[in-house]
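J.: First the structure, then my questions, so here it is.
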Number of protein chains: 2
Amino acid sequence: MSIKIGILGYGNLGRGVECAVKHNPDMELTAVFTRRNPADVQILTETAKVYHVDEAVKMKDEIDVLILCGGSATDLPVQTPEFAQYFNVVDSFDTHARIPEHFQAVDEAAKKGNKVAMISVGWDPGMFSLNRLYANAILPGGKDYTFWGKGVSQGHSDAVRRIDGVLDARQYTIPVKEALDAVREGKNPELSTRQKHTREVFVVADENADKAKIEQEIKTMPNYFDEYDTTVHFITEEEMKAEHTGLPHGGFVIRSGNTGWEDEHKHVIEYSLKLDSNPEFTSSVITAYARAAYRMSQEGQSGCKTVFDVAPVYLSLQTPEELRAKML
Amino acid sequence: MSIKIGILGYGNLGRGVECAVKHNPDMELTAVFTRRNPADVQILTETAKVYHVDEAVKMKDEIDVLILCGGSATDLPVQTPEFAQYFNVVDSFDTHARIPEHFQAVDEAAKKGNKVAMISVGWDPGMFSLNRLYANAILPGGKDYTFWGKGVSQGHSDAVRRIDGVLDARQYTIPVKEALDAVREGKNPELSTRQKHTREVFVVADENADKAKIEQEIKTMPNYFDEYDTTVHFITEEEMKAEHTGLPHGGFVIRSGNTGWEDEHKHVIEYSLKLDSNPEFTSSVITAYARAAYRMSQEGQSGCKTVFDVAPVYLSLQTPEELRAKML
């Protein structure tokens, strides 16, 4: 009996979930739901079908977990509460500041429908959050650091693309090595935004554009770039295609803290990710939590859950006995 | 209302737990139980008392969680099932091969007493196990690596001390940098025991001892050293005291695996620890799980649990609302 998965939204994340399901022998992809014309959406899984999103609720008894692959700005705040009434769901809602209100809305819907709804699953929020929690619980007297990169920030790339004269752009966030080293040595430095990360932007500009002006506009863009040291490179469309089509990312969560009667011993806990494909890794985390959502629902649990609420045993393909024998 | 902690066994680990309790404002140390004469045991906490172990069961209603700080070879296989009938308990049982039978014995006792018993808590088993599980669930097609060190192995130090003519010894386990680098680059190397770690031994020898013979005996000792490249240094008692009294340790859990329809993208997940004091860090993990044992017991749960069974939220000083707002 496989866990039957549905995907809502077939972009980078949806395709990533499809690939992750293929890697998990206890799951099968049943359906992909789209807002586009289903006939126009080509998926990879031969045994699954594409439907219009309006058909989803009718299929609620054929799907064990519906994975919501929309965006956090406008899709998920509406979709997750809506579908949590009918399905066990998992989303990757990543607007950190709005998580409490999203949790509230989803919790009410999921309890009404007696379903399990996992929100904010991925790597940050997600695995990074978990590592912050574990490290804080172990070393209550300590200091947390999160560094991102090297990797592509889609939000920053989009912001640059909106500048006049920019045809395409790719922005890399890069952690500053000296800052990372000081943190790893347990020096607990106070670091400004500028001291933690630099930004590197590759731009394809219109041939008539004023490159100096574009560069100035990028470097002074409020919130996105003004607090960072930013390097701008103008490249050709061919170079962009050849060298910058991937979506690598990663980062580091580090906590250092002290133990001992007089705080005499120092400890450093570090978790890091080096990812060739940000959406596929995020999808892989989501898919593991879909297994947990299914199992917790089978046990009679309901309501909104985050990664903090999920005992690790629910995530694994292996039985509790196998895990204790082989992985503990 | 603080969580009232008892400690059974006041060696390095017991003292570490005492220090960790001091760092956790929701806990207080109530009692230390010892097999020695209580009058001979000096503890650091002024508000706690030392009792003979035979007094423990009488105090079962005054203690919320009893932390068992004995050894895995002979103490814990007896003590954990015994005390799990009367107390919520946490132990750090670390004989990996015997965990299933220990679990079974403790589970029966804890269910009989309607208590929560957490076993094998620390960093390996413990945090390293958790990271193996999480990384396996995310990247089911991948390969696991665990490296230990640089750090003191007490078992190996003890083994050297048993050699004729050795007055004192300290053994460091050191991960091989080239192996670690290859794993981090996602090369998935096949590594022999010798390729993963080297061993370095500092020995204080009797002045009349045959040092060449001691060195030979160390390097060829079955299981402990024969499969490793080992370096032996003879030092004075003063050098031992000045440079080798600490108990640093640490290590790395790394999983690399691929995602994508054709496994075209590579990912590396790494968790690492750099610890000044192995027993104090272990104690800090145990103390966080004591909080979880208490909370799970309050909810009516019972039986044997491992780190795999504990939802992260139970470990934290912060409320679920605070965690979602600040740490997710």
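Note: Cβ is positioned from N, Cα and C throughout, glycine not excepted.
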J.: Looking at TrEMBL, B:Trp148, B:Thr173, B:His249, B:Asn278 are annotated for substrate. Which of B:Arg194, B:Arg199, B:Arg295, B:Arg324 sits in that same site?
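T.: It is B:Arg199, as the record lists it for that site.
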J.: Considering every residue in the domain 'Meso-diaminopimelate D-dehydrogenase C-terminal' (B:122-277), what is the mean pLDDT value?
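T.: The predicted confidence over the domain 'Meso-diaminopimelate D-dehydrogenase C-terminal' (B:122-277), as a mean pLDDT, is 96.
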J.: Give the number of CB atoms, excluding that of B:Arg199 (substrate binding site) itself, located within 10 Å of its CB.
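T.: The answer is 22 other Cβ atoms.
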J.: Which of B:Thr173, B:Asn278 (the binding-site residues) has the most other Cβ atoms within 10 Å?
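T.: Per the Cβ count, the most surrounded site is B:Asn278.
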J.: Taking CB atoms only, which of the binding-site residues B:Tyr10, B:Phe93, B:Gly122, B:Pro125, B:His249, B:Asn278 fall under 8 A from chain A?
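T.: Checking chain A against the binding-site residues, the residues within range (Cβ-Cβ under 8 Å) are B:Pro125.
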J.: Measure the Cβ-based neighbour count of B:Leu13 (NADP(+) binding site), defined as the other Cβ atoms within 10 Å of its Cβ.
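T.: The Cβ of B:Leu13 (NADP(+) binding site) has 24 Cβ neighbours within 10 Å.
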J.: Pop the Cα-Cα gap between B:Asn278 (substrate binding site) and B:Gly71 (NADP(+) binding site) into the table, whole Å please.
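T.: On Cα coordinates alone, these residues lie 15 Å apart.
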